[in-house]
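J.: Can you keep this structure in mind? I'll have questions shortly.
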């Protein structure tokens, strides 16, 4: 790293010592490189080198820790190459294996393992996985509520009546579990519960006035009133500047004074504030004669401003002061018993859960942090953070504690860091690096306030608490940088965003992009904003066009089509010019590839599926890493329905799903016949009746008998088989695993079924057993823990457009970023829950009056609601910042609005209130990313299209370097990839003519067709598709005289790409075929630039496992040495040589071709010579070397005789050679088998 040219600020972050140091590192500023270089400098200091194991480096994820170790190892190795005799470097490389570079959970686990005796813990404890943890919580919460019902405690019963639905108490159970998860992110969960309950033990208005809730309410009211004052002041200013508006002046000024008076009373008592707000009145405006005003747009604007202020002040009074202060106090007092019950229930749940875990000798991830705290704190009873002897040893041992991604820390982690470091001493040693603008994990209880407090209090100058700012961005083009700065200077503030985005925080250009060499090439360019207008406004002459396009295309589809159009434009311009991006390896511009493009979404649910469809229809290769959709996939729903029927067949919904599925395959008519037997009975009862009584056709009776016998067989097996074995048995017995493999996306569907099997295996290893418990667990997982996401079957180097959530994109970068769905409203649904909770403000319930069954919000709930809303919007602001800063060269924003004209009017009304920024109050009222972006762009010179729509001039524009291109699309004018077939009209005419005399001919035609006998009956025995592998197997069998008829279910089960997981016990391992498929998959995905050493290959295999491309058994079955041997062989070296020279290596190439049916069965008559069979297969590898095409097929078989081995696969390689010729037009010159068993290449 010595060759790196560091900036002054980076160098300061690397070399500054003897203080607590906070490094505020903006997106793309080289944060990780700086952290690694700091560590290298510390451990290689010539005067005072510090051993690497005396540093504690805390990372956010295990993957980040592994990457950090790898970077440090590479840096040390590089230095060793320069000075190979350095004993210190050799020592550090050795110590790296035991260094403390880890997540906070890993550190806590180590502390617990070494000090288990201090907390009365059995040293043989294990960490329970998520599955077992969820099941235990479900069991304990049910037991807790059952016991409470048995106690017949009236306070508990009232609590249940008040906050449960009329159907069940599930919502309350979820509330207790949710509150438990929330408070466990704090260091003292029980103390928090106790304090939250005591907050409601107030008796007087004075106590209420002094509460933190009122303080928050006043803060919120102040922000709102300040916004209204600014709005009215702007209106008065416009009145003064516009001829003819003088009659408005007195009324506006009077109303402004009343609002100012209320603002001045905000800090007074609750009663005084209530009264001053109710004094604000709006009288009727004086009339102004027509045609006397110089600018009617201004007149309309000031009236709109006044109307808005009037409505908002009314809403403020009704929303905040839902009653008089006396009545609000009364509601708090009456809510106290409910809050007391909730906190007691949650506290008891903690005790029971801990007791159950102790009984089973297990810990969960929350325990790791809290037990670690218990070990590190001397006296835990008073909840005082007094370091224990063990904590003091850590303080003495660690020379420096370095925390990566500090903006995502929580209070527990902060306490642990303080206890093991010298942070609060005269000799501080904590290094913290992160970017608070990228703190987007509030839902995991991250506390960006920890970073912000230090950022605001630490000094830029010398001292024991210092900060350094890294705001030079080495990622993005100037167009992107300027756009990011313009938007966030306009909209980010301490109110919304929790940080003022000033010139200090702004990104500075650090990346160097060369000028283009070809004048026709397109590089960079303005940030694009595409606004889809969803309104029904249309020109009169559009009526016919509207009727022609009367298809119900959703708004998401239309937005997707805008994206499709822009992708196609970027990939291939109609005028021949091409969009270019900089190749980071060559430093030259190259054509944009699909893999350079990402589509980012705030949430992928309901969006990714549509985008996949629309891009797929347009021929654009695309992949969505959704993190959802797993439980909604047809294959998982079908298997879950099957399991539910086996558990309890008296369930019509899963039974119907099973009956229409391919497993049973009843038709709609058959289902109707079953239903009509007795509409009052369950389907299962009617099936029993049909099978025992001859009520319907013999065929349906036989089917019903089959259904009953199958269910009975499955139910008997479910009793004694472990759930994972049972599920795999069902896959095989029903042939469903093979069936889904033959469906579109079959590889993905089978991989999804494998995941369910693996989940069942995890479940079977817990203390919970049985089909019922597994179904209950999956149901709970679906509802409370979110979707698992479909299986991953795509590597990072595939040339496809990627769709992902903004959260998943954090830390990544892409040449072209589409930020889609920006018109979607923020999700504020949680604010409507009956009881809210907040770390600082405690609990906020609704007050439920059981006598008249009414509910009303309380002052604590309103205070928490207002704070949570601002915090949620601040989080959304930071999420938007993360999305913007993923783009390297091009940023394209899309979003839909209900009515463009009304939206733009709203944006302009917000934008005109201040000449520099959008007022925080206006930002807080924004409902989407597009609202924020639109407000800012209304003030930009490139926002002319927005201002023009409402007739506004450019006087409100700001000077700015950023460049924007704004387009507004009307939903009825969007003409992309949906043109009607040119021949459709002609076809309709022909059909209508045919319809006129169809009745005359239909009878005789029906009889003719029913009596028809097919001339080529023998060909019906032929399969329409066959794989090369099957063809090879048939050719090997000399005794087959006629074509063997293969079972379709057996054929469906064959899939070369998917490893079939066996339910056999672990000691039996995976089969040879599975091992072979695993090696093939590894050879498909492996990066040829990192295969020089055994370590590099191991790291790549480990990455495939960590990213869930291969399972544990598959990972363990692959011998990395065998792969290294291939790359050390002559053939492997030749392949790498081609790759290193920029040649193309074609891997895992599927093909389809046709062969004569006589090649399959020579006994067929000659008339079948023209009957074609579709031959399909997958070519492992081929490449061009020295003007020769070389074909390679990997084999993992046991080889006894090499000649027989060659003969066995000779025909297969001939078919592959023919396929390569058809694809490339070039003959294969050399065909090789590579035997991993022999570690040898064999020329065929």
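Placement of Cβ uses the backbone N, Cα and C atoms for every residue, glycine included.
Straight out of Swiss-Prot:
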BINDING   25, 26, 27, 28, 29, 30, 31, 32  ATP binding site
DOMAIN    4-477  domain 'UvrD-like helicase ATP-binding'
DOMAIN    517-811  domain 'UvrD-like helicase C-terminal'
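Describe the structural context of each listed feature in the structure shown, including burial, neighbouring residues and relevant distances.
T.: The number of other Cβ atoms within 10 Å of the Cβ belonging to residue 31 (ATP binding site), over all protein chains shown, comes to 23.
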J.: Is it possible to get the count of other C-beta atoms within 10 angstroms of the C-beta of residue 28 (ATP binding site)?
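T.: Result for residue 28 (ATP binding site): 23 neighbouring Cβ atoms inside 10 Å.
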J.: By a 10 A CB contact count over all chains shown, which of the binding-site residues listed here is most packed: 29, 32?
T.: 29
J.: Looking at the domain 'UvrD-like helicase ATP-binding' (4-477) alone, can you tell me the average pLDDT?
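T.: Here the mean pLDDT over the domain 'UvrD-like helicase ATP-binding' (4-477) amounts to 92.
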J.: Centre the Cβ atoms of 25, 26, 27, 28, 29, 30, 31, 32, go out 8 Å, and tell me which other residues of that chain have a Cβ in range of the ATP site.
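T.: Residues close to the ATP site, other than 25, 26, 27, 28, 29, 30, 31, 32: 34, 435, 470, 473, 474.
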J.: Least buried of the binding-site residues 25, 26, going by other Cβ atoms within 10 Å?
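T.: Among the binding-site residues 25, 26, the sparsest Cβ neighbourhood within 10 Å belongs to 26.
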J.: So if I measure Cβ to Cβ from residue 27 (ATP binding site) and keep only same-chain residues at least 6 apart in sequence, which ones fall under 8 Å?
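T.: The answer is 435, 437, 438, 473, 475, 507, 881, 882, 885.
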J.: CB neighbours of residue 30 (ATP binding site) within 10 A?
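T.: Total other Cβ atoms inside 10 Å, all chains included: 22.
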